[in-house]
Amino acid sequence: MSDLEDSILPPLKWLFDQNPPIPENIRDWLMESGSMTLRLKKYCTCFQVQRQRECFIMRDKLKEEAEHLPKSARYWLREVILMGDNKPWLLGRTVIPQETLLHNQSLMHLGTTPLGHYLFNNDKLTRDYIHIGQQGVLWARRSRLRLRDKPLLLTELFLPDSPLYLHHK
């Protein structure tokens, strides 16, 4: 992607009033408080992270994400596709203020390691909230997490082949 304003994530509609109603099995996935990576891995024999973009961006490129993060000189952006048995399951976008990276430099060097492996093996991780959203018929979620009390924003869009939809088709 040549234009930094482009994202692998399409525009998402955030649902704050639970309308439309969220099926219970879908809600269970979207409200997962543990590692989504570990949950997804239970449904495949081959799990991969395909990196799409990793770079620093300025605040003006964040759009509405800026409302969820403190002002920073710049932000680390990581966009990936999580694959299960060679099928795209999830689009992930992580935005990390530079200050969060001070004690978490490894976040810039994950390569094909899932973000969840780093986050959920860290005893200094907390979650402020999970917002549920949609893009057409696809479900999404956005979480503000904190490492050592420093925020990062993770947005995940569950693609059609994702196991989230297995019992809902």
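Backbone N, Cα and C atoms are what each Cβ position is placed from, and that goes for glycine too.
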Q) Which one of Met36, Met58 goes with Arg78, Leu115, Glu156 at the substrate site, as Swiss-Prot has it? A) Met36
Q. Are there residues of the same chain, six or more positions away from Leu115 (substrate binding site), whose CB falls under 8 angstroms from its CB, and which are they?
A. Thr37, Arg78, Val80, Gly92, Thr94, Leu107, Leu154
Q. Once the DSSP letters are reduced so that anything not helix or strand counts as coil, what is Leu115 (substrate binding site)?
A. helix
Q. Ranking the binding-site residues Met36, Arg78, Glu156 by other Cβ atoms within 10 Å, which is at the bottom?
A. Arg78
**Q.** DSSP-derived class (H/G/I helix, E/B strand, else coil) of Met36 (substrate binding site)
**A.** helix
